[in-house]
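See structure below.
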Protein chains: 2
Amino acid sequence: MEKLFVQTSTHPYFIYTEEDIRFSITELLPKNYSSYFIITDDVVAKLYLDDCLQNFSQDQQVAHSIIPHGEQTKSVDTYYQLLTDALSYGLDRQSLIIALGGGVVGDIAGFVAATFMRGVDYIQMPTTILAHDSSVGGKVAINHELGKNLIGSFYPPKAVIYDTATLTTLAAREVRSGYAELMKEALIRDESFFHDLLGTSLAALTNDQLVSHLQSGMAIKAEIVEADERESGIRKHLNLGHTLGHALEAELGYGKLTHGEAVAIGMLFALRVSEKLFSINLPYDELYNWLEQNHYPLTLKRLNPDLLLRKMKSDKKSVHNKVHMVLVKQIGQIQDVEVPDQDLALLLDTFLRELVIE
Amino acid sequence: MEKLFVQTSTHPYFIYTEEDIRFSITELLPKNYSSYFIITDDVVAKLYLDDCLQNFSQDQQVAHSIIPHGEQTKSVDTYYQLLTDALSYGLDRQSLIIALGGGVVGDIAGFVAATFMRGVDYIQMPTTILAHDSSVGGKVAINHELGKNLIGSFYPPKAVIYDTATLTTLAAREVRSGYAELMKEALIRDESFFHDLLGTSLAALTNDQLVSHLQSGMAIKAEIVEADERESGIRKHLNLGHTLGHALEAELGYGKLTHGEAVAIGMLFALRVSEKLFSINLPYDELYNWLEQNHYPLTLKRLNPDLLLRKMKSDKKSVHNKVHMVLVKQIGQIQDVEVPDQDLALLLDTFLRELVIE
């Protein structure tokens, strides 16, 4: 079993990665809990909820709630309903919440754990490749009507239990979405990982490749969040591609593009802006071609750049109403830059023109 | 100026206490912020909002929101509206939230600060005696329909700025409410403070007495929260009187009794239970007489003990659906005890009979 150690400001935890590990949950928990509350979505529930429930004996108190899948479910209404469920099931401060699912489930279940009776323990059981990113590092959140992840906390899990068998049921789109974040981690930190990914065909992905890529990605993520848990410095680098990515998701309506697909376009934009602002050459074309070969959606309907810009300004990284973008000086060397509105509008306009069809 | 130091797990902060200190806010802040967002209620706004706004110059970005006063406002709806306000006003991660008001404002504004963009700085400016307690220690929360403070975080402020001039406008009821928590702190930690309070007539309270009592109370509170920020041990002692107190508030409807009035009855109950369970004598009568002389409401309409008991079980201190009560062995010596349902039902029944009229 692969085991990755993460130190946080409050406690250490492990990321366990192995096939079929979903049948060994209780062995990997740090202690016994008064009760267990599994939060999952309707898609994952059909596939893996029964497997998870098998971990518990009859005398253990185990409850579950199934929320609709998709980004729309990360709302204040679902959040409040889950708190009501937790109270109705008799959860107390010695209970454990189990987030079984992708990033949406992990984010909202983590925020429930962070704020239920001022915080109870929780573990992440990611069932998507994308969630390798969100499940590590303790960022939990729900969406506000005015933007994504605007309500949340830093609240690390007590363990991440990653069953790679659950990744075999993913649709191609979900694989693409997850690999965009792996590509981001490579761009931020590790040139050889970047080239390794460029040489990978997602359609012909082997399990060994996948596990190796996840380990590389999570190691990068863990190293960064250990150094800067609350995102006052280098953790911001993990937002590469996310400024435009989040704005695209919000502007198109959550769910039109997957998160990773939006981030992929955002990364292309970040590379383009980096090339212009730093007057350098970056592997934009290599990344573009790889994304294209792997069927990432790289064309967009006509969008209003002003509206996109406004969304980018409501990004959490904005300060004094100025957009801050994570830019690339070279692979593995990242800089957080305030981009003046006028420059940004121009760069965005040109970039969108390259991608937009109609 | 009185200055009390508090060390938290994330940062240190000061509690500043002085008359008219509301005109010197900016000097006491740890740094400059990109913008300021004052959250207050309709009662406090009329008295002190303009004074607070005077602290800022024209080129500083300052916004405010006024929420209805009273416990009912500590709801998820008000919380979400405040987040919407914060976003509409253009708050970012470098902004400061200022909680100007009593415990309700402090709790909800603090929870907004804890979760807005995963946490921004905030300060507490308490305007009630009661809030000497809630403003120190970083407990922030909103209510759930099923119970008080069930949604929240531990999130310490960056400063507490306590203007004693604002306490001169308090109604007698509010003074009583605040003194119940001072009495609680005395019972937990300091016998001479307890006797000092027993010798105090609230109707004839001097400003010097008030400041001295607040300093004693906050010093006890600060010492306890420094030792146990997340309430895994001795911080639980601060819940003396709160198990029944919270249940009474919930059962009667928030606002029927002030928080302190409910806690006062809860403390009497805790003393009674302590006497029975430990077979000891405690100054129940002294406390009862002092409360009576100072016009605390000590009679209740007929209540259903079963419903009260159910409310006590949904208390955050409950584990495995068993009620835990903070009990007194002697003044300054406290114990957290699981009280079996049957005993509790009996004790509660007898106690209510003593207080209930009709």
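Keep in mind that glycine also has a Cβ here, set from the backbone N, Cα and C atoms.
Zn(2+) binds B:E181, B:H259 as TrEMBL records it, and from the list B:H195, B:H242 the residue named for this site is B:H242.
According to TrEMBL, B:G103, B:V104, B:V105, B:G106, B:D107, B:T127, B:T128, B:K139, B:T166, B:L167, B:T168, B:T169 bind NAD(+); the candidate from B:K148, B:K158 that the record adds to this site is B:K148.
Mapped onto DSSP classes, the domain '3-dehydroquinate synthase C-terminal' (B:178-318) shows 100 helix, 1 strand, 40 coil. With B:G103 (NAD(+) binding site) as the anchor, the candidate binding-site residues are B:E181, B:H242, B:H259, and the one with the nearest CA is B:H259.
Under DSSP, B:T128 (NAD(+) binding site) is assigned to coil, being neither helix nor strand in the three-state scheme. Of the listed binding-site residues B:T128, B:T169, the Cβ environment within 10 Å is emptiest of other Cβ atoms at B:T169.
B:K148 (NAD(+) binding site) carries a strand DSSP state (E or B). Between the candidate binding-site residues, B:V105, B:L167, the densest Cβ environment within 10 Å is the one around B:V105.
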